[in-house]
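Novice: Input: one structure, supplied below.
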Amino acid sequence: MFEYDFMVNAFAASGIVAVLSGIVGYFLVMRGQTFAGHALSHVGFTGATGAVLIGVSPIWGMIGFTLAAGVGMGALGEKLAGRDVAIGVVLSLALGFGLLFLHFFTAYATQVTALLFGNVLGVSSSTLVVLATLGVVSLVALAAIMRPLLFASLQPELAEAKGVSLRLVSVLFLAIAALAVAACTQIVGVLLVFTLMVGPAAAAQNLSTRLSVGLVLAALLALAQAWIGVTLAFYTDWPTSFWITLLAALVYGASLLAQHMRR
């Protein structure tokens, strides 16, 4: 299996993205912002297809649009609360524009379809470098804001009283989440971004309430699901995203069962 360069790239890319998604996803679940990951992926799809339309690599369009959307969502903060219908309409519109851009350039249909459902087996060496850079930048930035992020997430009123800017923390965190989403879509696609961003993190929180244990569990579960999914895809010729999604669902179900048995 590893005699093929594309498999080496696939394992490296899925490993980087899985660890990043598991850790960032843990905080998305903790803060009740899982919908943000879904929203960012839809907006990113529009950016990716728009980039193709003007002759730019789709990954740069994805990164640019998700980052802008993440900063915007973080800045709006509480103003977005309770506006699920309006947000849903905007997201549907974003996806619609993405499909319109695809209509104009049907020659790139295969490339854009990979954005929707992922194509980890097609990751190039240049894309791998981009993913590694995204991973390092995101994790370093997350480590830098870890203390205020935890404080703002667990005790927002007290954090604000102590001088922590909840809006700034939200902007910075959602910008980091945007980079993670942009990376994650390269593996599982826009439509299945929950698979790595939320599934392992939610399972980890069901299995342990300790932060350090939960973060390690989320990263390891995401990594295991990604690597097993890539391996199964290689031997069965079934889509990698399907296997990763199936494994994520099974692990989450098992975590619910384990949580129930402890009570």
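Placement of Cβ uses the backbone N, Cα and C atoms for every residue, glycine included.
Residues annotated as transmembrane segment in TrEMBL: 6-29, 50-73, 85-108, 120-146, 166-199, 211-235, 241-258.
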Novice: Does the structure show the transmembrane segment (120-146) and the transmembrane segment (211-235) touching, where I'm treating 3 or more Cβ pairs under 8 angstroms (sequence separation 6 or more) as a contact?
Specialist: yes
Novice: Is the transmembrane segment (6-29) in contact with the transmembrane segment (50-73), using at least 3 Cβ pairs under 8 Å (sequence separation of 6 or more) as the test?
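Specialist: Counting Cβ pairs under 8 Å (6 or more apart in sequence), the transmembrane segment (50-73) does not reach the transmembrane segment (6-29), since there are fewer than 3.
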Novice: If we call contact 3 or more Cβ pairs under 8 Å (sequence gap 6 or more), are the transmembrane segment (241-258) and the transmembrane segment (6-29) touching?
Specialist: no
Novice: Would you mind listing the long-range same-chain contacts of the transmembrane segment (166-199), meaning Cβ under 8 Å and 6+ residues beyond its ends?
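Specialist: Long-range Cβ neighbours of the transmembrane segment (166-199): 13-14, 16-18, 20-22, 24-25, 27-29, 31, 33-34, 36-38, 40-42, 44-45, 48, 59, 62-63, 66-67, 69-71, 73-75, 77, 114-120, 123, 127, 131, 134-135, 137-138, 141-142, 145, 148-149, 152, 156, 159-160, 221-222, 225-226, 240-241, 244-245, 248-249, 251-252.
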